[in-house]
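Notes follow the structure.
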Amino acid sequence: MMGSLVAVSSWVLVVAVLLAASTASTAARRPGGPWERPRPSTAALWLVVVVPSLVQLVVPALLPALERDSARIGSGQLWRLVTSVVVQDGGPLGLVFNLFCLTLVLVAAQRYWSAGRVWITFWVGAVLSNLAVGPVLEPVGGGNSMAVFALGSALVSNLLLSRPDRRALLWAGVAIACMALMAAGRDYHAVSCAIGLAAGLVPPHGPHPQNPDPQGPHQGSHRGSQGSREGLED
């Protein structure tokens with residue numbers, strides 16, 4: 001029973017993160033909905049994870065070559081702390097779940113944070129999670145889920161410190177409840193959530209201000225109108 005609840009909470013968590021970050025960003029007067037077109041940095045991070053994960057389907061040897069293996073990491077293969085993120089140990093269903101979570105949380109993150117903070121939180125969260133769970137909880141494995149949960153949890157704690165509106169607060173509360181359920185079920189992903197919650201405490205708090213597109217339609221229209229007025233004045 002608890003295992004099923006934990007599994008459901010994982011799905012609900014990433015959806016709640018997306019809705020919380022999107023609502024907070026909209027309240028901060030950032031245009032666009034939750035399904036904003038991916039930025040190049042977001043697409044690049046997505047591809048870094050997805051391409052090797054798909055290649056693994058036809059080259060299964062990638063998993064043992066790149067996965068987290070605490071014994072080998074202890075012997076000096078530190079690169080496994082990073083490469084384990086781009087291979088999946090859950091079979092086709094695990095791959096679908098992990099890529100679904102990756103997509104939703106990256107969409108949420110690009111609405112809320114700068115590209116640099118998204119990348120840093122994702123990879124630092126991955127490395128710290130691997131170090132934390134590897135020795136005892138999950139010595140061998142691979143997947144992007146821990147990095148994703150760390151990033152998503154960081155968004156939630158950062159959002160809570162920014163005095164969000166009621167809707168964003170509601171979805172953040174749902175996400176926190178899911179994390180608590182994962183911890184109660186002794187799911188090792190709760191460790192990643194704890195790491196992410198701590199990372200989100202780092203300021204600044206609240207959505208990153210969006211850089212306006214200098215060639216955007218509104219600004220372009222404004223320039224066109226200004227040019228017309230200048231032409232009439234001449």
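Every residue, even glycine, has its Cβ placed from backbone N, Cα and C.
TrEMBL annotations:
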- 204-215: compositional bias 'Pro residues' (COMPBIAS)
- 76-183: domain 'Peptidase S54 rhomboid' (DOMAIN)
- 204-234: region 'Disordered' (REGION)
- 1-27: signal peptide (SIGNAL)
- 43-63: transmembrane segment (TRANSMEM)
- 118-137: transmembrane segment (TRANSMEM)
- 143-161: transmembrane segment (TRANSMEM)
- 168-185: transmembrane segment (TRANSMEM)
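Within the chain, the transmembrane segment (43-63) has long-range Cβ neighbours (under 8 A, six or more residues past its boundaries) at 85-89, 92, 95, 98-99, 102-103, 106, 118-119, 122, 142, 144.
The domain 'Peptidase S54 rhomboid' (76-183): residue composition by secondary structure is 82 helix, 2 strand, 24 coil, according to DSSP. Within the chain carrying the transmembrane segment (118-137), a Cβ under 8 angstroms from the stretch's Cβ atoms is held by residues 41-42, 45, 68, 70, 73, 80-82, 84-85, 106, 109-110, 144, 146-151, 154, 188, 191-192, 195-196, 199, all 6 or more beyond its ends.
When pLDDT is averaged over the domain 'Peptidase S54 rhomboid' (76-183), the result is 96. Counting same-chain residues at least six beyond the ends of the transmembrane segment (168-185), those with a Cβ under 8 angstroms from any Cβ of the stretch are 2-3, 5-6, 9-10, 12-13, 16-17, 19-21, 23-24, 27, 152-153, 156, 159-160, 193-194, 197.
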